[in-house]
Amino acid sequence: MFKIALVPGDGIGPDIIKQAVKVLKAIERPGEIEFEFTEVLAGGTAIDKTGHPLPKESLDICLASDAVLLGAVGGPKWDNLPGDIRPEQALLGLRKGLGVFANLRPAVLFPQLKKASPLKEEIIGEGIDVLVVRELIGGIYFGQRGRDGDRAYDTECYSVPEVERIARVAFDTARKRRRKVTSVDKANILESSRLWRETITHVAEQYPDVELNHMYVDNCAMQLIRNPHQFDVIVTSNMFGDILSDEASMLVGSLGMLPSASLGDTKRGFYEPIHGSAPDIAGQDKANPLATILSVAMMLRYSFDLTHQADMIERAVAQVLEDGYRTADIMENDMKLVGTDKMGDLVVEYLNRI
Ligand code: ATP
Ligand code: MG
């Protein structure tokens, strides 16, 4: 029995979480695979009801779960609240509270959606599948910063244990994929990058079955566009990861298709689509639920070790696209336009057929 905390949140959050639950229910096998769902309040809706973006009870339920699935938080309704209360604090509070230091963002281009990519067709080939593993709670984002007269500074500091733990996530993840890790740094310039490189190399000794190479960040930014197929897992620091994961998502084009996972020292993970709450289409049966459904696949793979079931979900999504079904955000000529609910039903239908 796996306990899942559901955080529908705001905007299209509830619309897409509903579809994710349908898919999880279709995976259940009594006595073998069972899920227990608990819905929790967070974000703007939580501010409306309790005055806090992340009530303590919500975090407690998430901490007692095996995985957390979030829809989205935020929206214009809460943009100008008095004081410092903002829906986005729920996200930071959850990440911090759950101790997730590794952010996994796959950039997967389904061959059926080639047109959404700015890359040439001959570069895309059979599709793209790169995973960026970004260190999330260290580095320059959390280093000392300040002003000194007319100067300003920010410092990047990484310790060996911080790099070791993100390296382990990257190598473990690569073992569930194509067994290749590219560590990205700026070791020709930065001392923190030299420590990063040494440490990654050291950890790699425990993973002789995974291939490791090192790349400077400027070269990586170029190689992602020149030949994305050379990459399987990219592991990098907080700031380089921020930039490279956005670049990688643009390669595949569609916001509504991209999932993410955040992991810590335990199997418990935090899963969410990378898009926001899209308040312009909330509650209108227009949102694309596939990013959330693909986040469910990541949950099965990384928190529950249900690799086969994760593959099945990804195959069902590919098949739905192959048969021409599209939500409005990924609609093209001659395709079949469907709403949020129907898209969820279709994935379930294809899952039952596999
Ligand atoms: P946030 O600050 O919460 O990240 P944002 O301003 O970056 O929000 P999103 O909420 O991600 O923006 O939405 C950007 C645009 O993309 C919106 O017009 C929205 O309608 C569209 N969009 C985002 N997610 C989806 C989705 N799942 N399905 C369809 N359209 C989407
Ligand atoms: Mg945004």
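Cβ from N, Cα, C; glycine included.
According to TrEMBL:
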DOMAIN    3-347  domain 'Isopropylmalate dehydrogenase-like'
BINDING   75-88, 276-288  NAD(+) binding site
BINDING   ARG95, ARG105, ARG134, ASP218  substrate binding site
SITE      TYR141  site 'Important for catalysis'
SITE      LYS186  site 'Important for catalysis'
BINDING   ASP218, ASP242, ASP246  Mg(2+) binding site
Ask   = Relative to ligand 1, which of the recorded positions ARG95, TYR141, ALA278 have a Cβ found under 6 Å from one of its atoms?
value = ALA278
Key: Nonlocal residues around PRO87 (NAD(+) binding site), in sequence order (Cβ under 8 Å, 6 or more apart)   = GLY9, ASP10, GLY43, GLY44, ALA46, ILE47, PRO53, VAL73, GLY74, GLY75, TRP78
Message = Give me the sequence-ordered set of same-chain residues, not including ASP218, ASP242, ASP246, with a C-beta within 8 angstroms of the centroid of the Mg(2+) site's C-beta atoms.
response = VAL217, ALA221, MET239, PHE240, GLY241, ILE243, LEU244, SER245, GLU247
Task = Among the binding-site residues ARG105, ALA278, ALA282, LYS286, report those whose Cα falls within 10 Å of that of TYR141 (site 'Important for catalysis'); none is a fine answer.
result = none
Key: Nearest recorded site to LYS286 (NAD(+) binding site) by CA-CA distance, among recorded positions ARG95, ARG105, LYS186, ASP218   = ARG105
Message = Under a three-state reading of DSSP, tell me whether ARG105 (substrate binding site) is helix, strand or coil.
response = strand
Key: Listed binding-site residues (ALA278, ALA282), ranked by Cβ neighbours within 10 Å, top entry   = ALA278
Request  = Work through the binding-site residues one by one (ARG105, LYS286) and point out the residue whose CB has the fewest other CB atoms within 10 angstroms.
outcome  = LYS286
Message = Which binding-site residues are spatial neighbours of ASP242 (Mg(2+) binding site) here, meaning Cα within 10 Å, out of ASP79, GLY83, ALA282?
response = none
Inquiry  = I'm checking region-level scores; what's the whole-number mean pLDDT for the domain 'Isopropylmalate dehydrogenase-like' (3-347)?
reply    = 96
Request  = Fewest other Cβ atoms within 10 Å: which of the recorded positions ARG134, LYS186 wins that one? Let me know.
outcome  = LYS186
Inquiry  = Return only the integer: C-alpha distance in Å from ALA282 (NAD(+) binding site) to LYS186 (site 'Important for catalysis').
reply    = 42
Message = So if I draw a 10 Å sphere around the Cβ of ASP242 (Mg(2+) binding site), how many other Cβ atoms end up inside it?
response = 18
Query = ARG134 (substrate binding site) to LYS186 (site 'Important for catalysis'): how many Å between their Cα atoms?
reply = 15
